[in-house]
Each structure stands twice: as C-alpha cells, then as structure tokens.
Amino acid sequence: MLFAGRVLMENVASLLPYLSIHNVTYASLFILFSLFVCFLINKIVDISPIGSHNDLSLEGLRGIACLLVFVNHSYTVIAAIGLKSPYMNIQPAYAFEKMGAFGVSIFFCLTGFLFSSAIKKGIFDITFFQKRIYRLLPAYLVVSTIVFAIFMFQRYGQIKTIDEVMTVIRSVYGFGFWGGGIRVGSIWDWSLNVVTWTLPYEWKYYAAVPFLACAFAIKPLRISLIPLSLIIIYLGYQSEQIMWTYFLTGFIASYIKQSFTNYLKYALWISMPLLFLYAIFGDFKVYAFEMFCATSIFFMAFIASRPSIFSNKSIANIGIISYSLYLVHQLSLNITFNSYSKFINLEQTSTRYFILMQFGAISIAIIFSAILYNKVEKRFKVK
C-alpha cells in the first residue's frame, strides 16, 4: 500500500516539472486549489453567510486576503516545525512575508470600512460588544483548546512545572495580547498560533469605536479627528509600524462611491494587480510606508470598482469562513507536515513534492474551517 501510494505520488509529481518556481505561480496554485476544495465542501457543509446583507464582493476580498496569509505560513511550515529544506526553492522568498502582510492589512482595511457606519451614526449601542464577543470568542476557544492539546502532546516532557503550564495557557488563550506563538522559557513554538498577534489590534479598535462615535456626533470634536488621523499616519511612518493606519484607510474608503463609468472601472481593475505586485515585490520593508500606500490605494480602488470576480461563490465562501480558516490554517499545517515527517524526510523535499503535500494541509484546513463555521460561529450568532 505504501509503495503504491509512493508510485502514485511520483507520477503526479512528474506533472510539476519545475524544481524551482516563482512564488506567484506557487501562490496561484495554492489559491486555485483552495477554491476548488471550498467548492466541493460547500456541497456537503452549508457555508451561507451569518448576516442576510453580506456584501459578497467584500467577502471575496476577505477570502483572498486570508489565503495570502495561508500562503505565507505554508512556505515557512517546515522551518516552523524545526526542520530545514535546502532542496526546496521557491523564489523570491521574501515576497511570501509580504503576501501575508498584504492579507493582514486588507483585514484591517475591511474592519475600518465595515464599522465606519457605526461611527458615522454618532450613536453607540452596547450590543456592539456583545455581537463582537459572540462572533469571535466561541471559535477562538475551540481552536485554542485544540492548539493547547497538540502543543502539550508535541512537547511532552518539556513542560514540567505549574508555572510553565500557566504560561502556555496564557499564550494560547490570551487572544494574542501576550504576542503570537507560544513562549515558555527557551521554547518558542510559532507553528500553531502565531497569527493571533493581529487580534489585539482588532479588539483595541472595537474598544475605540464608542469614543469615535461620540466624537463624530459632536461637530467640534469631529473636526479634531482630522489632525488626529494625520498624527496617526505620521507616527506610523516614523516608527514603521503602520497597522493602525489601515483602519483609517477603511474609514476613508467608506466615503467612496462605486464608479458607474466603465472606463474608470477598467482603469481601476488594471491598477489593482499592479499595486499588488508593487506591494509584494517593491524594495521596502514589510510594513513600511510604501506598503501602506500601495495597499490603501488598492483597497480604495477595490471599493470604487468592486470587481465582479470577487463575488464568485467559491471566493466569497472562503471569505465567509475566513475567521475560522485564519485560526485553523497553522494548526492544519502543523499536523499535516508533522505527520508527513514520520514517513518522508522533509529536509530533502523538492518544490514539486512540497506543493503536493500542501494540498493535504489545504484540504484539512478548509474542511475543518467549514465545519467550525457551521457548527460554532453560526450557532452563536446574535441577531
């Protein structure tokens, strides 16, 4: 059976002749296979939106952003589980981190955009926090419990004291407020939940929404938000920590009206892939000001043009399950590649085998995310 499976894998691998491929090719294969799996799983598990007024184009953009984060972590998974693979060569490697950064930045832009109406109304409803907690906490607790169990199993014998166990619990269940990954003494495991570093930004923004709404309701205070915004941009530029400015981008984009002129739409559609490529391959740091400009203009171009491809059902469905997928994808990569390592020497894995192995991790992640969304996220929705 194992021999037959190996022969089959070698035959399929022969269809991928390049031992070294460009990362855009890799990312494209990754995303297309993800959409195919989501298309199939939707026939078994219901992935209908929680809200009846969901904008499918926004869900599609969120889905692509989530897959870009997945692509980034998929490339680093072998290093994340403590191995090296000198035979694997997908170039240029630095662009993977930028893909992940681009995806995270789009998440923040979407948050700023979607919650702009709550700020503009100038009226804060306390149920806002209730809805956010019910929307985010249950799935997080389920995934974190699995992460805790997997980590303790994989590190059996290394975590010995109550203090160390409590440190693990804090790292796993702390919603990222103690940083991403799990740090215990000399151990730093970033293969399971390093993505949680972004969650405190979201929660802090939610906490600021009522104050921003109050300021927006009072005209003198509303005007003061302009210099405050400029200060945020300036400080982000100075420190090269521009994460907060993406929420501002989303808020500003909420004032953009969708273009009904075809020529303008086409121009915006053409500009979007060019801006994306500049963000990924530009000669600047991951969260530099140039990255902020490219991503912000991309997002505003998207809001103005709303490319219909993002409303495609499979792409939108990835967006609908994106929160669960964001939490689950590293767990899937960890389990899948640790399992592979029992039978295959991952340190001698070529690119084509690596891509084939990724298909298993993608399938597990999307199936688990769809079930988690259907059975947990939707169950705790607040009308």
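Heads up, the Cβ atoms here are built off N, Cα and C, so glycines get one too.
TrEMBL: automatically predicted annotations, no manual curation.
If you look up TrEMBL, you'll see 56-369 marked as domain 'Acyltransferase 3'. Per TrEMBL, transmembrane segment is recorded for 20-42, 63-83, 95-115, 136-157, 177-199, 211-235, 241-256, 263-281, 315-333, 353-373.
Tertiary proximity for the transmembrane segment (136-157) is limited to same-chain residues at least six positions away from its ends with a CB under 8 Å from its CB atoms, namely 168-169, 172-173, 175, 182, 187, 189, 192-193, 323-324, 327-328, 331, 334-335, 338, 372-373, 376-377, 379-380. In this chain, the transmembrane segment (211-235) lies out of contact with the transmembrane segment (20-42); the count of Cβ pairs under 8 Å, excluding pairs fewer than 6 apart in sequence, is fewer than 3. The transmembrane segment (315-333) is in contact with the transmembrane segment (353-373), judged by 3+ CB-CB distances under 8 Å for residue pairs 6 or more apart in sequence.
Listed by sequence, the residues of this chain that lie at least six past the ends of the transmembrane segment (95-115) yet keep a Cβ under 8 A from its Cβ atoms are 23-24, 27, 58, 61-62, 64-69, 71-73, 75-76, 198, 201-202, 205-206, 209, 243, 246-251, 253-254, 276, 279-281, 286-287, 291-292, 295-296, 299, 303. Two recorded stretches are said to be in contact when at least 3 C-beta pairs lie under 8 angstroms, sequence spacing 6 or more; the transmembrane segment (353-373) and the transmembrane segment (177-199) fall short of this definition. Sequence-distant contacts of the transmembrane segment (241-256) (same chain, six or more residues past either end, CB-CB distance under 8 Å): 105, 108-114, 116-117, 119-120, 201, 205, 229, 232-233, 287-289, 291-292, 295-296, 299-300, 303-304. Residues of the same chain lying 6 or more positions beyond the ends of the transmembrane segment (263-281) and with a Cβ under 8 Å from any Cβ of it are 92, 95, 98-99, 102, 291, 294-295, 297-298, 301-302, 304-305, 307.
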